[in-house]
Amino acid sequence: MKNFQDKIKKLVPEMRRVSQIHFVGIGGAGMSGIAEVLLNEGYQISGSDIADGVVTQRLAKAGAKICFGHHADNINGASVVVISSAITEDNPEVVAAKEARIPVIQRAQMLAEIMRFRHGIAVAGTHGKTTTTAMISMIYTEAKLDPTFVNGGLVKSAGKNAHLGASRYLIAEADESDASFLHLQPMVSVVTNIEPDHMDTYGGDFEQMKNTYVRFLRNLPFYGLAVMCADDAVVMEIAPKVGRQVMTYGFSEQADYRIEDYQQTGFQGHYTVVCPNGERIDVLLNVPGKHNALNATAALAVAKEEGISNEAILAALADFQGAGRRFDQLGSFIRPNGKIMLVDDYGHHPTEVDVTIKAARQGWENKRVVMVFQPHRYSRTRDLFDDFVQVLSQVDALVMLDVYAAGEAPIVGADSKALCRSIRNLGKVDPILVSDTSQLGEVLDQILQDGDLILAQGAGNVSKLARSLADEWKG
């Protein structure tokens with residue numbers, strides 16, 4: 001490890017006067033990845049979180065000092081304190097750091113510092129960025145380029161969400177939720193799509209959000225590259241404003257990297273990419289849905305533009321096992337009324353839910369789609385209420401859980417009861433509201449039929465509930 005760290009220090013200058021780095025909320029996906037990279041670079045890492053878990057246990061085993069609960073003395077010895085947008089100014093560790101004149105910085109500022117002396121590839125967008133980041137990371141790994149990567153979700157092929165590589169390449173998910181991606185200065189930026197989300201950050205102004213994406217892309221050097229989705233109208237609207245080289249991808253006839261002949265059989269997707277020079281590349285994916293074909297083609301475009309061989313690209317995509325909680329098959333189980341299949345998916349925005357339903361329909365045409373949906377945040381439910389009503393009405397049966405608040409106060413008319421009422425009024429599906437999650441298994445057994453595909457959908461603890469059911473059903 002010492003020789004490896006010495007190699008990294010020759011590649012990347014160390015942060016002087018920084019010995020211990022403290023993360024408030026270290027168990028979060030984005031925070032833990034950055035902490036893991038810095039820990040492997042040789043920095044002392046400490047952090048706090050509300051509760052223990054797989055991520056905090058892994059960091060502790062690697063040498064990080066982990067505290068549970070937020071207390072002022074947790075920051076003892078810290079040279080800098082790193083926070084995410086979920087951490088408020090009145091957090092006792094933040095207050096103590098400011099009183100002690102210890103710098104308090106955003107997660108993205110630390111990521112930008114890691115990226116500063118590397119060849120950065122940043123992936124932004126409302127949807128698909130975690131999977132696209134994972135795909136690019138695996139392509140570079142397959143090409144023996146040993147990249148550093150920091151992702152917002154588990155890269156299944158690697159078994160972790162972050163890795164410190166010995167090369168100059170850094171591949172990272174860029175977070176638009178708090179506009180902190182503006183700190184990043186990559187060499188290549190990907191924008192998968194742009195839709196209204198996290199609108200409180202942008203004062204409820206979609207134009208402001210679009211302009212922020214333009215600023216993000218203008219952080220590229222004049223010789224940098226923007227890889228942008230041609231299928232997204234908003235992405236194409238801002239493309240002329242970027243002022244950098246742009247390469248596009250998608251199903252659109254106008255795309256530089258154009259997808260043709262997409263077909264799906266179960267979990268597998270097959271399609272052809274027509275490259276700017278006319279070259280045709282046949283792609284095999286082991287993750288379902290046209291949205292994943294888009295993610296993979298974004299990754300392919302980045303890799304081709306960076307000179308990576310077709311062999312490495314195709315091998316990595318064929319072996320790609322997905323990102324954590326993205327159409328994650330938990331198994332097939334025998335229930336009282338027959339055999340069912342259980343899938344866990346993180347999608348919590350109407351567009352994400354829509355593409356997940358479409359992937360299920362296309363890959364398993366003869367199965368009923370039964371969704372267990374947990375709305376995530378009252379503000380998102382309020383802002384996208386009508387879209388949720390339309391999208392959730394597409395399933396064959398719907399079980400609705402209470403809103404996962406994520407620290408928000410309830411908003412009148414933006415809860416699960418209101419969603420159920422509006423969906424029922426539309427007349428396509430009759431949702432069942434389950435407020436007591438201990439009854440979820442019993443409710444499902446009452447409505448399930450032989451051959452059903454259950455989608456456990458959402459960003460809250462619905463995944464934990466689904467995995468508990470899977471364990472119970474395994475017997």
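Backbone N, Cα and C atoms are what each Cβ position is placed from, and that goes for glycine too.
Any TrEMBL annotation is an automated prediction that lacks curation.
Marked as domain 'Mur ligase N-terminal catalytic' by TrEMBL: 21-118. Residues annotated as domain 'Mur ligase central' in TrEMBL: 123-303. The annotation ATP binding site is assigned in TrEMBL to Gly125, Thr126, His127, Gly128, Lys129, Thr130, Thr131. TrEMBL lists 337-460 with the feature domain 'Mur ligase C-terminal'.
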Other than Gly125, Thr126, His127, Gly128, Lys129, Thr130, Thr131, which residues of the same chain sit close to ATP? List them in sequence order, counting a residue when its Cβ is within 8 Å of the Cβ centroid of the site.
Val123, Thr132, Thr192, Asn193, Asn295
Entry from the binding-site residues list Thr126, Thr130, Thr131 having the most other CB atoms no farther than 10 A:
Thr131
Highest CB neighbour count within 10 A among the binding-site residues His127, Lys129?
Lys129
For the domain 'Mur ligase C-terminal' (337-460), what does DSSP give as the number of helix, strand and coil residues?
50 helix, 28 strand, 46 coil
